[in-house]
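Quick look at what Swiss-Prot lists:
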REGION    1-10  region 'Mitochondrial-binding peptide (MBP)'
BINDING   Arg30, Asp84, Leu85, Gly86, Gly87, Ser88, Ser89, Asn345, Arg425, Arg426  ATP 1 binding site
BINDING   Asp84, Leu85, Gly86, Gly87, Ser88, Ser89, Phe90, Arg91, Asp209, Thr232, Asp413, Gly414, Ser415, Ser449  D-glucose 6-phosphate 1 binding site
BINDING   Ser155, Thr172, Lys173, Asn208, Asp209, Asn235, Glu260, Gln291, Leu292, Phe293, Glu294  D-glucose 1 binding site
REGION    208-447  region 'Hexokinase large subdomain 1'
MOD_RES   Ser337  phosphoserine
REGION    521-655  region 'Hexokinase small subdomain 2'
BINDING   Asp532, Leu533, Gly534, Gly535, Thr536, Asp657, Thr680, Asp861, Gly862, Thr863, Ser897  D-glucose 6-phosphate 2 binding site
BINDING   532-537, Thr680, 747-748, 784-788, 863-867  ATP 2 binding site
BINDING   Ser603, Phe604, Thr620, Lys621, Asn656, Asp657, Ser682, Asn683, Glu708, Glu742  D-glucose 2 binding site
Amino acid sequence: MIAAQLLAYYFTELKDDQVKKIDKYLYAMRLSDETLIDIMTRFRKEMKNGLSRDFNPTATVKMLPTFVRSIPDGSEKGDFIALDLGGSSFRILRVQVNHEKNQNVHMESEVYDTPENIVHGSGSQLFDHVAECLGDFMEKRKIKDKKLPVGFTFSFPCQQSKIDEAILITWTKRFKASGVEGADVVKLLNKAIKKRGDYDANIVAVVNDTVGTMMTCGYDDQHCEVGLIIGTGTNACYMEELRHIDLVEGDEGRMCINTEWGAFGDDGSLEDIRTEFDREIDRGSLNPGKQLFEKMVSGMYLGELVRLILVKMAKEGLLFEGRITPELLTRGKFNTSDVSAIEKNKEGLHNAKEILTRLGVEPSDDDCVSVQHVCTIVSFRSANLVAATLGAILNRLRDNKGTPRLRTTVGVDGSLYKTHPQYSRRFHKTLRRLVPDSDVRFLLSESGSGKGAAMVTAVAYRLAEQHRQIEETLAHFHLTKDMLLEVKKRMRAEMELGLRKQTHNNAVVKMLPSFVRRTPDGTENGDFLALDLGGTNFRVLLVKIRSGKKRTVEMHNKIYAIPIEIMQGTGEELFDHIVSCISDFLDYMGIKGPRMPLGFTFSFPCQQTSLDAGILITWTKGFKATDCVGHDVVTLLRDAIKRREEFDLDVVAVVNDTVGTMMTCAYEEPTCEVGLIVGTGSNACYMEEMKNVEMVEGDQGQMCINMEWGAFGDNGCLDDIRTHYDRLVDEYSLNAGKQRYEKMISGMYLGEIVRNILIDFTKKGFLFRGQISETLKTRGIFETKFLSQIESDRLALLQVRAILQQLGLNSTCDDSILVKTVCGVVSRRAAQLCGAGMAAVVDKIRENRGLDRLNVTVGVDGTLYKLHPHFSRIMHQTVKELSPKCNVSFLLSEDGSGKGAALITAVGVRLRTEASS
């Protein structure tokens, strides 16, 4: 017993002694964490260079766009062929994907040889061989008559400009077929298939094996966004933000980047850590000076690295008593599989003895211990280097997401990772030290990258079909110039019907006379009250207008809420609430005494018989108060003031908010004679010649016409451009069948149109993984402000996702892109339709005056126009295109329509004074 313990102690001492000697001898291969962190920094810089348009041509890490934009979402289905070429053998698979109830994938595959004479021959020989194997595979399965989609895993660096094209940059590993570098491998394969003529194949996607691995694992774990191969060769890919990829148009979404990290160091950036053995390996390789990182870490070279170290140590008398055999000197006699066998925990030393004996040396126990430690140092260095480069990718992903802690999955494949007994454990341990703020799950790719090629093909098929259906749906929102000219023509016709006495009663665009006959001339003076009612908030203002050399307008205002129960209660309750708010304001300003002139901005369709009388035609924008329609709103206001018995007011004018906006802007800019509101609702007004206003006596001068254009289309004249979604929104609105034009362009409804489209797309499985949340079912959830935020060019998709999450919608990156697209299509149509209406107005003014060219200013207000990032630009462009003879300027009303009501009151008081004198 004691003898055995002594022997064990002696052996341990001996082993420790040998280990120390080897550590000293191979000191340059032992990398500290400090060195590894430095390598991470270098690789991060190389990644940045590869993604940059300016630096990519000279970058060693090519960061190739793969045009794979999406990982599987579980809804893929179909029958696919996958080809897998890139390693020691060539595999063909038939992959049947079914997503009914349980996702399942049925695969059958066959492995074909790729002999040396083929991989080192001509390109046509290589692809003829691939086509022949594919023919054999299809023949055996009786599927030659089916034109199945094919995914092609081609594990070499390729330049892609689309998913079904791959131009080979350079051969790696043992491949050297001539005439292929610089050519599109899809064309070469198609040519070989066509030459045979006995079957047809549709090559949908070419992917790198690393991308294939990511996609294979992505089918099982949708958090998988990195692919890693550590086998014969080594490489990694990951999902990069498109905005960082200079080589590809667009900045929405993500794309898988094939890093081709095997070439890291080809520019000399790793010279300080390369050893004499690395240089010797490189000199004897098929591609000297290339793939230097791969030659330090991949399975193709580790065995050879160990052999070179053993030869040198033997020559120096440090091993095998200085004996060198012909076998030990022969390249390829010591493989990476031997390294794996020697590093096994229990039988490693026994395996070392067997392998070394096979090489003709007669190893001592010392020799076996030394060789085992050489293998450990070489494979450990590989694991450390791969951990450093993967760590750089994980840090980039974390930064892209703007998250303090990254949670992600890495799909892994490759013989070295899978079969080496210690590799994965060491690799994971080093990675955890290098990136402590990342939680990484490693998912082993059980079925290789062939299944991944099929998944890429399945995803491409799914996305193509989805894209077709999405485009088909959204095409109904695209308006051509001819369609917009037709809308302009119809608006013009409806305007004429509204102006004529004979047709006015049946006209949908009411063209209501406002009895505002002039815009301000600058001589207005005095203190005026203004009320502004038109939405959920109600404003009371005190406006002090001063004329003279320096004209000034000083305003004080207070905002009051109108509860929904009052909006939809009785008319008496509504006007009592308004008067109560006025009373509070007069107290607040300390002016509850003199009888002040008041202008009332009332933003609903009214038939006016004078400046201070307006009969409500219909409620809009969610108001439903009873006993108001058909009544004079000024009388209702005066009655409520009398009921309160606290104060009296001189109600001089009732005006629409659009007219108020025009007057506000006309005070600043005399050429302003059109008003436009595009906010919660939409409307326009303009100065019409009195001779055309048949509803009012007199032919001299002008009068502002409140168009009430929101009702355009209520007679069915826009039915050909209204979509299924417009009809849905109308059907469930408070005023079904009314204000149809407004429901296509105003802020109150755009979000609802978007919501209905999103529900439809979710039902079809295009969004939110097919799950319709309670939030999405909630009417009114998509406020216009969210549309404006989502469409902002400044917002990255992460922020779009954050907005959707605020709304209770958990979206992927792809979901966010589609939501943004839908918002864009809906708001663009709104801006174009609004522009077509405005074009009809300005052309009418021009023709009224018999002008070749008209210069006119439009005063504009409304949240949609003000806040939406693209609405105003698209609307202006549309007006310009549809009315080329009008030079139209747009002036934003900064002070709302309340100031306009005060100005109309001031003009009214001035005209009244002039008339009495």
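Backbone N, Cα and C atoms are what each Cβ position is placed from, and that goes for glycine too.
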Next item on the list: Using Cβ-Cβ distances, find the residues under 8 Å from Ser415 (D-glucose 6-phosphate 1 binding site) that belong to the same chain and are at least 6 apart in sequence, listing them in sequence order.
Entry: Gly231, Thr232, Gly299, Thr336
Margin query: Measuring Cα to Cα, how far is Asp84 (D-glucose 6-phosphate 1 binding site) from Arg425 (ATP 1 binding site) in Å?
Written below: 28
Note to self: Cα-Cα, whole number of Å: Leu867 (ATP 2 binding site) versus Glu708 (D-glucose 2 binding site)?
What the structure shows: 23
Check: What does DSSP call Asp84 (D-glucose 6-phosphate 1 binding site) in the simple three-state scheme?
Finding: strand
Notebook entry, point to check: Per 10 Å Cβ neighbour count, which of the binding-site residues Asp209, Glu260, Asp532 ranks highest?
Noted result: Asp209
Next item on the list: Would you mind reading off the Cα separation of Ser155 (D-glucose 1 binding site) from Leu85 (ATP 1 binding site), to the nearest angstrom?
Entry: 7
Notebook entry, point to check: What is the interatomic distance between the Cα atoms of Ser682 (D-glucose 2 binding site) and Gly862 (D-glucose 6-phosphate 2 binding site), given in whole Å?
Noted result: 8
Note to self: Taking only C-alpha atoms and a 10 A limit, tell me which of Lys173, Ser337, Thr536, Thr784 are near Gly86 (D-glucose 6-phosphate 1 binding site). These are the recorded positions.
What the structure shows: Lys173
Notebook entry, point to check: binding-site residues Lys173, Glu260, Ser603, Asn656, Thr784: which have a Cα within 10 Å of Asp532 (D-glucose 6-phosphate 2 binding site)?
Noted result: Ser603, Asn656
Check: So among the binding-site residues Thr536, Thr620, Asn656, who's got the most Cβ atoms within 10 Å?
Finding: Asn656
Next item on the list: Out of Arg30, Phe90, Asp413, give those binding-site residues positioned within 10 angstroms of Thr784 (ATP 2 binding site), comparing C-alpha atoms, in sequence order.
Entry: none
Margin query: Nearest of the binding-site residues to Asp209 (D-glucose 6-phosphate 1 binding site) by CA-CA distance, picking from Arg30, Glu260, Leu292, Thr536?
Written below: Glu260
Notebook entry, point to check: According to DSSP, which kind of secondary structure is Arg30 (ATP 1 binding site) found in, if we only use helix, strand and coil?
Noted result: coil
Check: In sequence order, what residues of the same chain, 6+ apart, have a Cβ less than 8 Å from the Cβ of Gly535 (ATP 2 binding site)?
Finding: Ser603, Lys621, Gly679, Thr680
Notebook entry, point to check: Rounded to a whole number, how many Å is the Cα of Arg30 (ATP 1 binding site) away from the Cα of Glu708 (D-glucose 2 binding site)?
Noted result: 81
Next item on the list: Ten-angstrom check, please: count other Cβ atoms within 10 Å of the Cβ of Arg425 (ATP 1 binding site), all chains counted.
Entry: 11
Notebook entry, point to check: Expressed to the nearest Å, what is the distance separating Asp413 (D-glucose 6-phosphate 1 binding site) and Gly862 (D-glucose 6-phosphate 2 binding site) at their Cα atoms?
Noted result: 57
